[in-house]
């Protein structure tokens, strides 16, 4: 943990230096790629020691696949090799280290590199192996038309801004950042003459970085004061279970789940700030004219804490991983996209049984929540009081459903997970199954989604 924080703080300083002294106006793209890669390799070795060799082995294996595999199979081979290697490393963790977390836990960076490898492979396949009319609007926008050079490939996968804690970004966005087109491309989407500007503005990330560092500091304080004082293991303590009523146990479950969040808020917000400090992450201008630096943000804390649906919660938690799952799995799955996406998410996280309890439960609750929303929500939109009541109830149910779902993710093992679910009578599982049995389900087929995506693409082309 100390190595992680030290590396990220050094990366923050390096990011400011990179933006000021190696800006596109001062250095060529090759120089920027080289420095970003060398810094990333140094941080990886410093933080993870010899374990970092796993990162480099996986990167080089997939570079070979990208250059030697046939175009129709690039994404398949890359996916199998990357996920296979990651899974083998996860297996070594669980069996060799007996559920312990390594002092130098390299699995986090390996997970991010796996995301990047599979993202690039899919986008390269879209760009050189498929016709434009076969792609969705997003796939067409992100498609990569030529294989990257070795330097570009290493820079994308191993750059110092994201090697420690991510997030995963799209290859074309990263290359545009290195070449100095990243901000300019987003600014051209706005008619600045109508806003009274004679030339394009020059947005600075400093304000966004300072704001995110403040969130990071608050998250660190909360982690140090709350997380260790409210351990998840206490909810299955025999004395606690014997003396605490059911509703009180649910309330405490919410508290310990809240206490577990600050470490994620800390790590992801700091990673976002590092990328912004380097000048990467500009996403455009909002309706109020404010410059936004959230292209790489991994969470929206306000939307998480006020989520009134399971879907809304998931979409605002680990955002870039959700985007990766959508691009490499959900949008490409021939059938059962929701189930396959949850299963891939569990496999990517590791082989601890708790992960599979969480994500399989997530499938059930997602389908049930979708059925309730589709069948009931419209009845509560006729008046403001009804809508407020609906939002309050769905907020409470969503927060408890999330707590119920993620508890095994923290516990990891089978025995404490079963003990926890028994202590709360498997109530969310039972309610979800009843909902799916009693309410009609109207799934949106892949063919319908593809037709909608094609219509959107045709609309964009016509403009």
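A Cβ is built for glycine as well, from the same backbone N, Cα and C atoms used for every other residue.
From a predicted model like this one, the values you see are computed outputs, not experimental measurements.
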Residues flagged as transmembrane segment in TrEMBL, choosing from 283-300, 301-318, 355-372: 355-372
Transmembrane segment per TrEMBL - which of 39-65, 120-146: 39-65
Proximity verdict for the transmembrane segment (355-372) and the transmembrane segment (39-65), three or more C-beta pairs under 8 Å: no
Long-range Cβ neighbours of the transmembrane segment (424-441) (under 8 Å; 6 or more residues past either end): 246, 249-250, 253, 361, 364-365, 367-368, 370-372, 374-375, 400-401, 404-405
